[in-house]
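The structure under discussion appears below in the form of structure tokens.
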Amino acid sequence: IFGIWAGLVGTSLSLMIRTELGKPGSLLNDDQLYNVVVTAHGFIMIFFMVMPIMIGGFGNWLVPLMLGAPDMAFPRMNNMSFWLLPPSLTLLLASSAVESGAGTGWTVYPPLSSNLSHAGPSVDLAIFSLHLAGISSILGAINFITTIMNMRWEGLLMERMSLFVWSVFITAILLLLSLPVLAGAITMLLTDRNFNTTFFDPSGGGDPILYQH
């Protein structure tokens, strides 16, 4: 139900984006609002529709079935990772409602390093929302990798697994490799905005200055 609701919200945001792109200025007539819609649409469709429905629901049912396993390796972890998503969505909605919203188009952190253009708690709420959604995804990925590595019935070697199981396995590994990079970047952004660090160029533009001495 949560995934279906998120899908409907994401679809309505898609329609708004398509309408605005078809005839600019006809619907929203505000660049910042349009960017907020694009950003929210991306997050909602990925973290709150695709992850709970296609991976959390469908994958959790089909992968053990294809492995001959009675269940996932950590059934309770699925539950825990799902219940991180509603508060994450709440934070994302709160970020869009506070001030002018975190509108950055498809990317998240580069344009946000400047406190001048995005002052206030809106971006910080979006960052915390991403942290929760990322933790949820990482828990799910660990569960899938552990299940596929350890829960196959005897005789089902890795090369005999179905392509669907392989695709979930590789996707989970790539997720574990990529999400900490995003987490590090948005955490650096969070400290830049609130603790006076300078991981990103303080004059704006989003250029990292980590290795410049």
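Each residue's number is its place along the chain shown, starting with 1.
Cβ coordinates come from backbone N, Cα and C, glycine included.
In terms of which side of the membrane each occupies, Swiss-Prot places Q32 together with S122. Separation of the C-alpha atoms of G25 (Ca(2+) binding site) and H41 (Fe(II)-heme a binding site): 19 Å, rounded to the nearest whole number. DSSP gives G25 (Ca(2+) binding site) a coil state; it is part of no helix or strand. Between the listed binding-site residues, namely E20, G25, H41, the fewest other CB atoms within 10 angstroms of a CB are found at G25. Residue counts of the topological domain 'Mitochondrial matrix' (64-81) by helix, strand and coil are 11 helix, 0 strand, 7 coil (DSSP-based).
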